């Protein structure tokens, strides 16, 4: 009899939504009611299976890969079905399960092609799970690409008036970025005496400096589109502005996290030598994301576009955390991803609830609806408070950890750290201004003459209340007791930070901060000096 710990849990978790999606066309259903219950049931069952497997068999104190499965799939091209989970991927798997399940529940009123809609949702769910557990570069790329097609169709069919433009822009950006994954991956796989696509093996290989730097840059571009990083972000406001509420929940809650996860897994963990050179660039890009995203959010009159630019700003903290080279900074980056996934999903869902009542996303055409929708107003306010990192909410903990991480880092000069912290703080100050302004325009004051409400405007319904509460409760829980989530990945982030620090320069008795400052201010160092900066001090 098979020991349950040896059961292929990850394969089952990935395959369940995909196989269930393939069965949707044969389900007898005329009005779409059976299909939506079926989709919700499958998503919930998969999420429950995930929780049960991790609860019983996952070792939270270990930084090693667990639930390891590896089978030759297409040996002719070196493609293996190689999956595993560790502290970095496990919390993001749980986030993916929660967001996708709630997004399907949020799509309860979809009547246009319901079979296709729920089928695409389940296929996308399966591919997202595959991205977070893939341990073969080709498998990772396959899952990354499969996920693009459902997102494109969900936007182009069930989106807003400019849905085709937004969907086309999304697919062009992300498909073009995927080329960089393939090129960088092949450069690493074929470098050296052995050819391998195993991610762990790729991390142990020695690469010529030029190949490693170019591969890092390629991954940075590819994953920077998904995160997104300025100036590769312009697809996101359009996609959010036109996507349905469930689509926006998944875009903000899961898709952006795929970019952050991949940056940690590939750029920082697999290519630590190149990370030495790119870390200050990540810090600068993080600051730009924060300030630029906050400033652009001010200029938006569309509610969803304002939230989209807010997401760009919040993802800047992930970049700064990775650049800090500290355990608390990397841990804060992971926590920020989980927190933002929950917060953004709640705000985009509540925006959909508001749009359903007001039939507009333009804030200058709203106003005063807090009087007729007090429960929605209260829930939206709670989500906004979480987004502006109010103490007691998860966002506060994540951002604070990133700030402490970069401020206490010993790899940068004091002046560089001061500039990063101060400019990031400017973005933090701007966040409550544009979020509170958003609340005022939508819920306070008098109703706009251009707002044409139905004769009866219902407040938040039980289904909508359940979805929002399912997102807000973990936000508050993590804010009050961060160890609730950090204990699942602390061992892994400590290992990643320590591994990355091994290649930091400690040469001729000099401190890392002085040499790092030398790299940053004098990029044309002699070749011998550059070589010494990336070697471990003996």
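Any Cβ shown, glycine's included, is placed from N, Cα and C.
Per Swiss-Prot, the listed range annotated as transmembrane segment is 418-438 (candidates: 61-81, 418-438). When each of 88-108, 137-157, 210-230, 244-264 is scored by its Cβ pairs under 8 Å to the transmembrane segment (170-190), the top-ranked stretch turns out to be 210-230. In this chain, the transmembrane segment (244-264) touches the transmembrane segment (116-136); three or more CB pairs sit within less than 8 A of each other, excluding pairs fewer than 6 residues apart.
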